[in-house]
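Read the structure below first, then the notes.
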Amino acid sequence: MKTLWKHCHIASMAHGKYSIIENAAIVTSGALIEWIGPETELAEPEHDNCIDLGGAWVTPGLIDCHTHTVFGGNRSGEFEQRLQGVSYAEIAAAGGGIASTVRATRAASEDELYASAERRLRHLLKDGVTTVEMKSGYGLDLENERKILRVIRRLGNTQPVTVRATCLAAHALPPEYADRAADYINHICNDMLPALAAEGLVDAVDAFCEYLAFSPAQVEQVFISAGQLALPVKLHAEQLSSLGGSSLAAHYKALSADHLEFMTEDDAVAMAAAGTVAVLLPGAFYFLRETQLPPMEALRKHGVPIAISTDLNPGTSPGLSLRLMLNMACTLFRMTPEEALAGVTFNAAKALGMSATHGSLEVGKVADFVAWDIERPADLAYWLGGDLDKRIVRHGVESSI
């Protein structure tokens, strides 16, 4: 079915720029874009439907390329404790922190995890998100990592959103492997990844490279195993210290390296050469009251693509609005609104290996877009909170969220 979407202005985000088309129209055929351009250049079309967008600004559907949406439990009590002066170490010693989320996730049924994740996902969808990545990493054994990944697949099959599933078994050390990190990494590589990949539950593999998680050498083992399974890799790197994780990610042609507050210019050079995307997570930076900024000038100087994401998770970034992250990226990291919008469209698609089909409005790409009732594209990064009036189109069909 062909649909003409007319009377709009378009920020197509082609090549990662606004790439504005004034007084524009889009023709979709099924789930794909068949034509896009100034309305005056549109030949008399044959179409089944004609939809007037009322002068709206149209952007690609937003892409949240780094989330931990599926988890059990609630850590708002820890948030309150920290603000009362209890240290993270004290909370962890009492069984809190990520360990509490692992316990709650293991205890939850698949249906319970689905129900709670679906509620969180709905907030993202209402913000204009049409594609989202979700990670495992709160199960930390084969049974529970499988359970999380099954929930992620189920969300993609039942909700009006494209979902990419990432296995983050190398997120933290589970209690049964205390002081045995090498054994756990071997278990991930020899048992968990092959089984989960064989079941079709994994689109990419991630790890946490940090002094309080896994070493570069241990992460490299995971990357080698992922490569043997033909799975692309991603990496949490340089959030709290500089271990060279982002350069390691670049060496293995990772889709992305994420966080990056402590990365060096040499890391930026390596990432640029590899085409590895820098995924910045301003929500975690804000929530943890960090002070070490990502090296924005080095990223720009060397042409590293920059994406933005919510990092939605229970411990360090309980963020339910990707649009709020646009403002945070501009305010905290001094990104421009154009850079920030590219970070949740064009470059976010790159970070998921989806740039051939998603991330910009171009002929042949998937017809995922949002028609916003705004005065200019910068409004998306300008307004703090609220629910901007919008119409969301996914695969060429208007969604009601």
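All residue numbers here begin at 1 and follow the chain in the order shown.
Cβ atoms here come from the backbone N, Cα and C positions, even for glycine.
Feature annotation from Swiss-Prot assigns Zn(2+) binding site to HIS66, HIS68, HIS236, ASP311; the stated evidence is sequence analysis. Residues annotated as Fe(3+) binding site in Swiss-Prot: HIS66, HIS68, HIS236, ASP311. Marked as 4-imidazolone-5-propanoate binding site by Swiss-Prot on the basis of sequence analysis: ARG75, TYR138, HIS171, GLN239, THR316. Among the features that Swiss-Prot reports, N-formimidoyl-L-glutamate binding site is placed at TYR138, ASN313, GLY315.
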GLN239 (4-imidazolone-5-propanoate binding site) and ASP311 (Zn(2+) binding site), distance between Cα atoms, whole Å: 13
The one of GLN239, ASN313, THR316 whose CB sees the fewest other CB atoms within 10 Å, among these binding-site residues: THR316
Within 10 angstroms of ARG75 (4-imidazolone-5-propanoate binding site), Cα basis - binding-site residues out of HIS66, HIS68, GLY315: GLY315
Cα within 10 Å of GLN239 (4-imidazolone-5-propanoate binding site) - qualifying binding-site residues among HIS66, HIS68, ASN313, GLY315: none
Per-residue Cβ crowding (10 Å cut-off), top of binding-site residues HIS66, HIS68, ARG75, HIS171: HIS66
Minimum Cα separation from HIS236 (Zn(2+) binding site), reported as the residue among binding-site residues TYR138, HIS171, GLY315 that achieves it: HIS171
Between GLY315 (N-formimidoyl-L-glutamate binding site) and HIS171 (4-imidazolone-5-propanoate binding site): CA-CA distance (Å): 13
Those residues of the chain, 6+ apart, with a Cβ under 8 Å from that of TYR138 (4-imidazolone-5-propanoate binding site): HIS68, VAL70, PHE71, GLY72, ILE98, THR101, VAL102, THR105, ASN144, ILE148, HIS171
